[in-house]
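Heads up, the thing below is written out as structure tokens.
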Amino acid sequence: MKITVIGAGHVGATAALRIAEKQLAREVVLIDIIEGIPQGKALDMYESGPVALFDTMVKGSNDYADSADSDIVLITAGLARKPGMSREDLLMKNTAIIKDVTTQVMRYSVNPILIMVSNPLDVMTFVAHTVSGLKPERVIGMAGVLDTARFRSFIAEALNVSMQDINAFVLGGHGDSMVPVVKYTNVAGIPLTELLPKETIDAIVERTKNGGIEIVNHLKTGSAFYAPAASAVEMIESIVKDRKRILPCTTCLGGQYGINNVFCGVPVKLGKEGVEQILEINLDDNELKALQASAAIVEKNCKSLASAI
């Protein structure tokens, strides 16, 4: 198993280290355009192997040829958000970056699975799919796992319970229009609505929607990377080990939820072939309308890029 990570920034480097430590691949390649950065970080990771107890070969490069024959490619390249910048502000700039990255990746790997982390996530997943020519089930966006992790962590904090006992789904686009589905949220099987008042739940939902920008506002000069990297690696682990995990991921819908040919976050089964099944769960009218409205925003942004791809 060979996994390439594009982008040696905080998210990419953190993800590469987690992949190595979990020994999900025999070889991890970290690629970045800045000379020396991927090489130095990769060497540092590799040298941690004897004490972190892994044998994964970690290599850094500025040459996409070193990504040849990758089974999975994690794409984290792109500009990060700055304070006051929405994900949509990044649209045109990151489209050009992802178009170039995907073209380079496909030049050297025949049928990889692409995991997208770059923002605006849903639209960049569409761009990568369009440019790569891969089957839609092999181009997957990370957002839902991250948004759900934030939702679960805030619930655990409010209840002072283990995060492992929180089960939840956050659907829709990765942005202000995401849809945390409260009725499917439970704590060790107990519905969340039996444990927290509506006002508290509403506040947690709102905080989840603003989870990324909350971190941006704290950091001033950067954005989240620990949770995004962990979320991406959770997806990769399910694929590598063919675990068939049910995770909320950005995938291309084909009529499910009344949404067609749009990349949107929904529950999927992740296995060795990528998205092996899209689960269409029952939503009430308000939830379904919110999901469709979220998808409509993604679709509008994708259409605006027609001339740029």
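Please read every residue number as a count from 1 along the shown chain.
Backbone N, Cα and C define each Cβ position, glycine as well.
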Name the one residue among ASN94, ASN160 that Swiss-Prot lists for the same NAD(+) site as GLY7, ALA8, GLY9, HIS10, VAL11, GLY12, ASP32, VAL117, SER118, ASN119.
-> ASN94
For ARG150 (substrate binding site), just count the other CB atoms lying within 10 A of its CB, please.
-> 25
DSSP three-state assignment (helix, strand or coil) for ASP32 (NAD(+) binding site) | coil
Rounded inter-Cα distance in Å - GLY9 (NAD(+) binding site), HIS174 (active site, proton acceptor) | 20
Tell me the Cβ neighbour count for GLY9 (NAD(+) binding site), meaning other Cβ atoms within 10 Å of its Cβ, over all protein chains shown.
-> 18
Secondary structure at ASN119 (NAD(+) binding site), reduced by DSSP to three states | coil
For ARG150 (substrate binding site) and GLY7 (NAD(+) binding site), what Cα-Cα distance in Å is obtained after rounding to a whole number?
-> 23
Round to a whole number and give the Cα-to-Cα distance in Å for the pair ASN119 (NAD(+) binding site) and HIS174 (active site, proton acceptor).
-> 9
